[in-house]
Amino acid sequence: MLCRSRVPIWNSTEPLVVLAPMAGVSDFPFRKAVHAFGGVAFSVSEMIASQAIFRKASKTLRRSFKVENAIHVMQLAGNDPYLMGQAARWAVDQGAHAIDLNLGCPAKQIAISSFAGAALMRDEKLAGSIFEAVVKSVSVPVSVKMRMGWDKETLNASRLIEIAYNAGVSWITIHGRTRCQFYKDHADWDFISQLARTSPLPIIGNGDIVDIETADRHWQNTEVAGLMVGRGTYGKPWLLAQIFHKLKTGVLLPPPSLVHQHESVRRHIEDILTWYGRESGVRILRKHLGWYSKGAPGATAFRQCVFQETCPRAIFQHINVFYRDQVQEVAS
Ligand SMILES: Cc1cc2nc3c(=O)[nH]c(=O)nc-3n(C[C@H](O)[C@H](O)[C@H](O)COP(=O)(O)O)c2cc1C
């Protein structure tokens, strides 16, 4: 039996399975769809730029919205300790149960132009000042999501964890890649495992958990406090519930029935349209329908129809036919 350290906002002794922050994906409708299947301890919002909060941009406000009855962690990005502290206060006023600080974003716009995200891993002093400013500004727990380092020559995650620990940070999420790897190669779970053994703070492991089997393997083979899953949930908002069930009981939960999947997809698409309005909503829902239909019989024809369609009612008709055909195929 492994002795896992605990993340303070998760009082349960049950396995900790978390939905990753994914800008452009883990928005309110998607987080709601994931939480509806249960098993997820909490989800982390898409990153919110600290400066944008003070411009009160509608995109920012949308990103801060929490799912009812769910633990809500809001992620902030930025490089000014004072502004980050102020942003954290604002996030708590919006209902955040914890604040996560982004030290992992590799995108040029963030990490090079704005010297935020993963760039902060290159300036440990500045990162430390941000940790301290945010911890002092709020009474909720503060976590940090980082990579292993900037590149293979500078793997300084463990030093940054020490700095975070001294500043009063409560837990760390490690994506097992460097900034320079972006999303290439494989996440290094030996590195994550080593950190989980030696870190003074609980470590949530992240990277390349694509199914129940990979989640189970990393859970059994490491001492991480929890698992965070991102891209594996594309088109499968039920995956975290399946992972949770396997880690908790050892039993494999099959995916939901096609009828249940159909209902969930309809609700998700309705939420996207309500959330973004018809014009943006129709654009955004396409990528989700692409993921939902991946690998299913008739997926190519379904996508061809639905990707050209701008009328929500017609989109729902295509969805209904797509699922009806699948149910009939299984029954025959
Ligand atoms: C489309 C996309 C958007 C992302 N946005 C964020 C973000 O806003 N904040 C963050 O910390 N990480 C972000 N990430 C990184 C993920 O949280 C996660 O660390 C990474 O995808 C590795 O996990 P996975 O292999 O389970 O997807 C993003 C990843 C993707 C693919």
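Residue numbers in this text run from 1 along the chain shown.
Using N, Cα and C of the backbone, Cβ positions are placed for all residues, glycine too.
Keep in mind the model is a prediction, meaning the values are calculated, not measured.
Features reported for this protein in TrEMBL:
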- 19-308: domain 'DUS-like FMN-binding' (DOMAIN)
- Pro21, Met22, Ala23, Gln75, Lys145, His175, Gly230, Arg231: FMN binding site (BINDING)
- Cys105: active site, proton donor (ACT_SITE)
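All features noted in TrEMBL, drawn onto the structure.
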residue : record                    : Cβ within 10 Å
Pro21   : FMN binding site          : 27
Met22   : FMN binding site          : 18
Ala23   : FMN binding site          : 17
Gln75   : FMN binding site          : 27
Cys105  : active site, proton donor : 22
Lys145  : FMN binding site          : 25
His175  : FMN binding site          : 28
Gly230  : FMN binding site          : 21
Arg231  : FMN binding site          : 14
In angstrom units, rounded to an integer, how far apart are the Cα atoms of Arg231 (FMN binding site) and Cys105 (active site, proton donor)?
15
Mapped DSSP class for His175 (FMN binding site), helix or strand or coil:
strand
Taking DSSP as the reference, which of helix, strand or coil describes Gln75 (FMN binding site)?
strand
Should Arg231 (FMN binding site) be counted as helix, strand, or coil on the basis of DSSP?
helix
Calculate the distance in Å between the alpha carbons (Cα) of the residue listed as 'active site, proton donor' and Ala23 (FMN binding site), and round it to a whole number.
10
